[in-house]
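K.L.:
Before I ask anything, let me first share the structure, which is written out below as structure tokens.
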């Protein structure tokens, strides 16, 4: 029926199924309930853990890269969101993040009027009108309208 009764209180996105809603909420909560027994790395979705487990070298990579990641994460982040306290390295990142709280959607589709908080989301959406699928999987050749869909798909190979 197209009904989407589950609404995210953080960003306003709607979902048809509770499972989709729960998975989405992990973006905001940072919850990662699935963990690798070998290296302890945590994942927000079971399929990410399964992908990780199918690539054993990733565990060693993770352990060696952990120090690099920690140093990367220690980069100064002087721009703080007054709503939730999240910090950013650039003021433009903070500004973009704050749209989640304000609901500001300054990028509108000329075709249907649907509005988006970011330019990239609008560009992805516009591909649904044109039918253009500019993102191609190098493994199997399957094409996608959105880069995120391609990235998600590539995890199955």
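Using N, Cα and C of the backbone, Cβ positions are placed for all residues, glycine too.
As listed in Swiss-Prot for this protein:
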ZN_FING   6-28  zinc finger
ZN_FING   34-56  zinc finger
ZN_FING   79-101  zinc finger
ZN_FING   107-129  zinc finger
ZN_FING   135-157  zinc finger
K.L.:
Within the zinc finger (107-129), how many residues are helix, strand or coil going by DSSP?
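P.N.:
Per-class counts: 11 helix, 4 strand, 8 coil.
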K.L.:
May I ask whether the zinc finger (34-56) has at least three C-beta pairs under 8 Å with the zinc finger (135-157), counting pairs 6 or more apart in sequence?
P.N.:
yes
K.L.:
Per DSSP, what is the residue count of the zinc finger (34-56) in each of helix, strand and coil?
P.N.:
9 helix, 4 strand, 10 coil
K.L.:
Can you tell me which parts of the same chain pack against the zinc finger (79-101), counting only residues 6+ beyond its ends and a CB-CB cutoff under 8 A?
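P.N.:
Distant Cβ neighbours of the zinc finger (79-101) are 10-11, 117-118.
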